[in-house]
Amino acid sequence: MAPKKDVKKPAAAAAPAPAPAPAPAPAPAPPKEEKIDLSAIKIEFSKQQQDEFKEAFLLFDRTGECKITLSQVGDVLRALGTNPTNAEVKKVLGNPSNEEMNAKKIEFEQFLPMLQAISNNKDQGTYEDFVEGLRVFDKEGNGTVMGAELRHVLATLGEKMKEEEVEALMAGQEDSNGCINYEAFVKHIMSN
């Protein structure tokens with residue numbers, strides 16, 4: 001056997017330089033908040049309605065200035081029979097900061113176009129919508145939901161309600177088994 005020769009291995013070819021990384025995609029622009037132009041809203045309420053609305057508005061005036069804070073606008077809107085979400089209220093207010101919600105005040109003349117904008121919104125839930133939503137929780141298929149489960153849902157999902165609000169809403173609605181007839185419950189809510 002012949003002695004092994006020291007065979008030189010060919011030098012490894014230089015690794016190709018990695019391709020330059022593509023430029024990062026531009027960050028998506030934050031979604032533009034739709035702003036409602038309150039000056040363009042035509043007031044369609046009668047003089048009598050406006051007088052009634054002003055009377056209710058002034059019930060929320062805590063300082064005697066004929067003004068309310070932005071944080072009270074949702075309460076006044078709801079007291080006048082509309083049912084806007086908190087997001088809709090903030091949108092009609094121009095998406096103010098939390099500090100502005102408690103510090104800024106508006107007069108009735110500024111409030112009226114907001115009420116009209118919310119009143120014009122036809123995207124309000126109907127009786128059937130609410131019943132259908134609660135039917136999901138009707139495990140027995142007997143037209144009732146557990147009061148404890150409904151309390152949990154109202155306090156933790158969607159536009160979360162405070163415990164006191166849930167209790168006020170559900171007062172007198174449960175039967176002796178802790179169940180709530182959800183069709184009667186929806187009628188109760190919609191009549192208020």
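Numbers run from 1 along the shown chain.
Each Cβ is built from the backbone N, Cα and C atoms, and glycine gets one as well.
The region 'Disordered' feature in Swiss-Prot is assigned to 1-34.
Swiss-Prot lists Ala2 with the feature N,N,N-trimethylalanine.
If you look up Swiss-Prot, you'll see 17-30 marked as compositional bias 'Pro residues'.
What Swiss-Prot lists as domain 'EF-hand 1' is 48-83. Long-range Cβ contacts of the domain 'EF-hand 1' (48-83) within its own chain (Cβ-Cβ under 8 Å, at least 6 residues beyond either end) map to 89, 92-93, 96, 100-108, 111-112, 114-115, 118-119, 124-125.
Counting every protein chain shown, the Cβ of Thr69 (phosphothreonine) has 18 other Cβ atoms within 10 Å. Under the heading phosphothreonine, Swiss-Prot lists Thr69 (among others).
Among the features that Swiss-Prot reports, phosphoserine is placed at Ser71 (among others), with the record citing similarity to another entry. In the three-state DSSP reading, Ser71 (phosphoserine) counts as helix. In sequence order, Met101, Asn102 constitute the residues six or more apart from Ser71 (phosphoserine) in its chain with CB-CB distances below 8 Å.
Annotation for Thr85 (phosphothreonine): same-chain Cβ neighbours under 8 Å, separated by at least 6 residues, are Glu159. Taken residue by residue with DSSP, Thr85 (phosphothreonine) is part of neither helix nor strand, so it is coil. The feature phosphothreonine is assigned by Swiss-Prot to Thr85 (among others).
The phosphoserine annotation in Swiss-Prot covers Ser97 (among others). Classification of Ser97 (phosphoserine) by DSSP places it in coil, neither helical nor stranded.
Helix, strand and coil counts under DSSP for the domain 'EF-hand 2' (125-160) come to 19 helix, 3 strand, 14 coil. If you look up Swiss-Prot, you'll see 125-160 marked as domain 'EF-hand 2'.
The annotation domain 'EF-hand 3' is assigned in Swiss-Prot to 160-192 on the grounds of sequence analysis. Sequence-distant contacts of the domain 'EF-hand 3' (160-192) (same chain, at least 6 residues past either end, Cβ-Cβ under 8 Å): 127, 130-131, 134-135, 137-138, 143-148, 150-151, 154.
Each residue contributes its Cα atom, and for Thr69 (phosphothreonine) and Ser97 (phosphoserine) these two points are 13 Å apart.
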